[in-house]
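One structure is given here, and the rest of the page talks about it.
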Amino acid sequence: MEKTCADEFPLTVDSSEKQGVVCIFGTGDFGKSLGLKMLQCGYSVVFGSRNPQVSSLLPRGAEVLCYSEAASRSDVIVLAVHREHYDFLAELADSLKGRVLIDVSNNQKMNQYPESNAEYLAQLVPGAHVVKAFNTISAWALQSGTLDASRQVFVCGNDSKAKDRVMDIARTLGLTPLDQGSLVAAKEIENYPLQLFPMWRFPFYLSSGLCVFFFVYCAIREVIYPYVTGKTDSTYRLVVSIPNRVFPITALTLLALVYLPGILAAILQLYRGTKYRRFPNWLDHWMLCRKQLGLVALGFAFLHAIYTLVIPIRYYVRWRLRNATITQALTNKDSPFSSSTAWLSDSYLALGILGFFLFLLLGITSLPSVSNMVNWREFRFVQSKLGYLTLVLCTAHTLVYGGKRFLSPSILIWSLPSAYILALIIPCTVLVMKFILIMPCIDKTLTRIRQGWERKSKYAQSTLNGKSDI
């Protein structure tokens, strides 16, 4: 016979491990899962229900009573019902006075109501100590015990003692409570579970746009042009050849765009002469998305590496190699060895391998489990110094790939240069601008600005002895 979820966990604990009584209003999925977890951790659980006689599938060892009776059994009450059903609490206002009322509700969409559910609850039951908590934990995670992905619990409330009690409960359940302040923060906490990759949207849209643009650009040069001029069918290039051009171009462009906002911010600070003015919203959001941009770029670099590995087994490549070998045998002609070509080929491969290795290192150090083990200087060294070195290597990899064809007019098709030349525009611009910013005369002033000096401040004169480096 198959065991139920409640049977899979031992719910019997010693009296010395008893934590107290907790009341849960609501017998839905979340209420039952939270009650089961509390029973496992030694709490006595009393459920409050509008129909206690018909409530079923509750954890073994828990009681089910009506709301008023359940409220009288504990001074900590978890409200596991939706906001639409808060009306019954007005009748229990006297019974709930002085009790800790934990609101775990979420809405269907962000900013659905003018005020947060917790603030509305505090207005509805003014005598209770309302605390917002546990709304970022799913019922499935509580029931299955897989809390690794959602272990943090945001807690906010106006009463510090009530918050401390809720945070103690969270720690007993094996969770990590984070104090977010007063109930004013409840709206932000309620919006948090409703967010869908907010910091990934801009990188996703940008990378998608770049991919589409470069794919169409390469298709015009390598598929449409041969068909228009010579009726040659080159559509097979759409599967491997063109994607293997698009992926590295997109990766290099995104990597450059990771460091471009920092340069723009430095230029803006130099122009303003102060760090105490906010950046434009678009630049601020761009800087916040740099980690996501870098990880997306790393993903495209991985795709480029994988696509490159399958090149030798492609039919087109094997056909060209076999055909060239047969032609060479029939004509009895040998191609002379070119030392310069060998240098370019080996340098191109070496730069690509080193660039990809450092790229991978940047991605690893951006993981929270790794970044938490290093201090700020170490993290900045990897992400900034090694990051720019990665950009230099990847840009050099692309330059050497072009080799002698870089400025050759023969590579123009319908006056369109090769796609890799377009890929070099942003990286080279970033590197040139960075080189200018690290010049001592500019870097010294920028450092002072970031340390609090202001060019137009009345204290700036004495700080720089009446002189500026710019």
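Just so it is clear, glycine is given a Cβ too, placed from its N, Cα and C backbone atoms.
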Which of these ranges is annotated transmembrane segment in Swiss-Prot: 68-88, 236-256? 236-256
Have a look around TYR217 (Fe(3+) binding site) and count the other CB atoms within 10 A of its CB, chains all included. 19
Sequence gap of 6 or more, Cβ distance under 8 Å, 3 or more pairs: do the transmembrane segment (419-439) and the transmembrane segment (236-256) meet that? yes
If we count other C-beta atoms within 10 Å, could you say which of the binding-site residues HIS82, HIS304 has the fewest? HIS82
State, in range form, which of 202-224, 293-313, 342-362, 381-401 has the highest count of Cβ pairs under 8 Å to the transmembrane segment (236-256). 293-313
Integer Å value for the Cα distance linking HIS304 (heme b binding site) with TYR217 (Fe(3+) binding site) is 18
